[in-house]
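J.: This is the structure, below, for whatever I ask next.
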């Protein structure tokens, strides 16, 4: 029971100090994650376009 109280107290202290520090490292990580998401989105859009073209070719050949 006391361990939980100490753990909560440490979490609150950490949250207070973490909120006051510069978010430089967190911002860098966020930008990297955002860039990965953008690349994934772009690759998905390109793949869908290629698949649609392939389906059109197949439909044209089928008659």
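Glycine is no exception: its Cβ is also placed from the backbone N, Cα and C atoms.
The shown structure was predicted, so the numbers you read here are calculated from the model rather than taken from an experiment.
What Swiss-Prot shows for this protein is this:
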MOD_RES   62  lysine amide
SIGNAL    1-21  signal peptide
J.: Which of the three DSSP-derived classes (helix, strand, coil) applies to residue 62 (lysine amide)?
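T.: Its secondary structure by DSSP: helix.
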J.: Looking at Cβ-Cβ distances, which residues of the chain lie under 8 angstroms from the residue listed as 'lysine amide' while being 6 or more apart from it?
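T.: Within the chain, the residue listed as 'lysine amide' has no Cβ neighbours under 8 Å at 6 or more residues' separation.
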